[in-house]
Each structure stands twice: as structure tokens, then as C-alpha cells.
């Protein structure tokens, strides 16, 4: 029987760059954009002669990229070897497969027969990403449709993916696939790890918070293996906020010490994988996460300006280089940025508390402010509670404006477009619109989709305004849930909603 797991994409509201270093925190929102992994056997029965095999088959299918890859999995070493003619590889999924199977070996040390049988049947793995992870502007424009969420909604679910055109000068400034910056590799890696661990009986995704086979929650096991797979696939130990969000959902995140993965980086070519994973699972994972979500009646919107995305690793590298060349200025910038990030976090938490304690007043204030530009919000500060709510709203805006200024200063000093001029103009006009609390460039910034937090029902007007500025509002919203077990193949569950969809070539 097939196992289907999914994991969400992310939006890093605050903590861009700073989240790379402890103890700086990042506020990260999980979204309704999800990556799915479907795991089932290639063969329904184990062939009698297969018990003597030293290898088994693994098939990896990515329908959106029209790619199918075949591998042989060594049953002794748990390593994958590609046997496909195509040289297109997916290191994230390959590492996820190897480390999930290594964890399964570790978890079933006393009873390997059932695991061995599952592996001998072969592994048929399909990966699917929500359309929101990818840019479909070109197809929409080619079809002569307006740049609106409604046009996006006409796309068939899990539509074919757009590739960025190569630069005329051969430069590789954009990723191969046109993306929106929602952390597709982290969501994909997490979904594959979770689906395989559930399929192989290591975790139970129907109750993932209980203590599992390794003395910690099943979610923690998924997190550790997904982080390891993702970091080794990237060739570096990142902050991990994107994987943490994919596993646990929306949160306030402080990174783990990179040393916890240094053993895996060194040992990956020499030691058996189950030994490496054993050390990882026993390691001191000191990441910190606290539940966080937007205050009530606030909505996340993302707008794609149509630049095909940015290369995050090269931007991070440039910022690190600047830190080393001008440490004093960099420290001052980061301290100010950390203070502004904390201020915004505090204001949003205060608003959540005010909503809980004074719901009726909060509801009226948000409704009133949703149809006004921010300079007119004070007109509704007629009573102490109203005034307190509006004060927090305005101070949250001020904190975001400070964050943007400091991020721009960092970008200028490091010679990277963290908030490029085109994005600045778009963000300024967005923040001056009715009912918009704040707007910014998520994560590392650049030319990815921008985000806005709106009040009440003001989002519709914002998406119309974006469309008139040639910005495509995505269908992404905040969804606080992390990795989960799905009831079936998402392509079949989407059929009813996709009956009226069209296929854009």
C-alpha cells in the first residue's frame, strides 16, 4: 500500500542572514504550498530468488519535470547507484533515501526480515510540488491571461515546471528552475524522509508527537534525518530554518550548532551509513523553536515580480565576505537588525494577546483599519483598548520599516541586491495601500516573491493593485501545520477541484 506524506514551504519573515548564527532568531511561517512524496513497492510480491540479492531497485519519478530515474540500492552498504542514461540527478532525494533507509536499519536491528522484504520489493518514489513553489508567469502571459490569482487557479494541479532561460553571457545568476522562493528543496527532502520512514515502520505519522524508537518524538527523528540529508546534498550546513519549518510548521527558530553535523560531513565517504545516522540521532541537537503564528485576522500574501528567483548561496557568501572585511560595521548592522526583528516579533505577539483578551474590540479595529491607509488608523483610537491595538499595529509597521532599511544597508555594503531598487518601489507602494500592515523581501531577499501581511479582507484590493503593477499574486497563504500523512495521492484528490482547469504549454 502506498504511503503519501507532505511537507510545507516557508516564508522567513524576519531573521534573513542573522538566523545563520546563534542565538539570532527567525520568524518563519509555513504555508499551504506543500511537497508530496508517494512511496510504494515496485513489485507486489518478493521474487523467490531475490533473497540472495545484494541490490534492489529504486525508481524516482518527478512528473512535473518529466523525469524518471532508476537506481540500484546496495543492501549491504545502503548506498544508491544511478543506472539511468540521463545525468539529471536529485541529490536532495538521493540523500533522503539513503539516510532514511539507514535509520530504518538502525531501528530494526533485532528484526530485519520485514525491512528486508520491503526493500526487496523495490521502492517506487514519486515527488510532486504544489504549483506555488514554481513560477508560471511565462505560461500565463503566453496564454494572454491577466496576471491574477484567478489565472493561476486555472492551472492544472502539479503543472509542468518552467525552466529559466540561460543567460546570454553564460552567467548562472538564476536557478535552473524558475521558483518563487518557498524552500522547495527543504519541503521535498522532508516529505521524502517522512514518507520513507513511515513506509519502513520507523515512525508513525498518524501520531508523530509521541516518543518513538529512538527515545524522542517521531517528528524529531524526521527533523534530524531531513536536516542531515538536506545539508549533505547542499554541501554545507545551513541554518536549517527551512527544514525545521517543513517538519514542525510555523515557528520562532534558533539554529542548531553546526558541529552536530560535522561528523556526518567527514564520515560520509568512509563509515557505514547506519553508523553515521546513529551518531546523528544521538547528537546534541540544540536548535530552539517556539510556536508562532500571525495574529488573528492577519493574512499572508506573496507577490511574484517575475524575475525568476535569486541564488541564495551566492548572496549569503557575499554577506559573509563583507562581515570578514568590515567586522565592526557588520556587527553594528546585525545588532540593530536583531533589535528590530525582536521588536516586530514582540508587537505581533502583543497583538495576538490583545486579540485573545479583547476580541470584540480587536475585531472592530482590524475591520476599520482594513479599509484605510495606515496614517488614518489613529482616527479609530477613540478608547484605551482601541488605542493600544492601533499603537501596536503602527509600531509593528515601524519595526518592519527599520528592518528593511538595515537589510538594504547590508546589501549595499556587501554588494548584493537584498532589497533591489525595483523591490523597494514595489514594497513602498504595497505598504502605503489600504489595510496593509507590513511588506518585505523574505529570507535572503533578492528577486524572489515579496510578502505582505494584510488586515481583514483587504487582500483582494492588494492583489488587484499588484496585478496593475505587473506583479502576480500567488495563491499561497499561511498554514501553521508541518509534515503530515496524507490520505491518498494528491493528484486524485485534486481532480474535482481541477475539473475546470486548463493546461498551459
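Each Cβ is built from the backbone N, Cα and C atoms, and glycine gets one as well.
If you look up Swiss-Prot, you'll see 177, 178, 179, 180, 181, 182, 183, 184, 185, 186, 187 marked as ATP binding site, on the strength of sequence analysis. Under the heading N-acetylalanine, Swiss-Prot lists 2, citing a large-scale study or a structure entry as support. The motif 'Peroxisomal targeting signal PTS2' annotation in Swiss-Prot covers 57-65, and the record cites a curator's inference as its basis.
Per-class residue totals from DSSP over the motif 'Peroxisomal targeting signal PTS2' (57-65), listed helix then strand then coil: 3 helix, 6 strand, 0 coil. Taking the C-alpha positions, the distance from residue 187 (ATP binding site) to residue 2 (N-acetylalanine) comes to 19 Å.
Set side by side, the binding-site residues 181, 183 differ in how many other CB atoms lie within 10 angstroms of their CB, and the most is found at 183. Cα of residue 177 (ATP binding site) to Cα of the residue listed as 'N-acetylalanine': a distance of 28 Å. Listed in sequence order, 92, 230, 233, 234, 242 are the same-chain residues at least 6 apart in sequence whose CB falls under 8 Å from the CB of residue 185 (ATP binding site). Counted over every protein chain shown, other Cβ atoms within 10 Å are most numerous around 187 among the recorded positions 2, 177, 187. Looking at residue 2 (N-acetylalanine) and residue 179 (ATP binding site), their Cα atoms lie 29 Å from each other. Take the CB of residue 179 (ATP binding site) and look out to 10 A: across all protein chains shown you find 26 other CB atoms.
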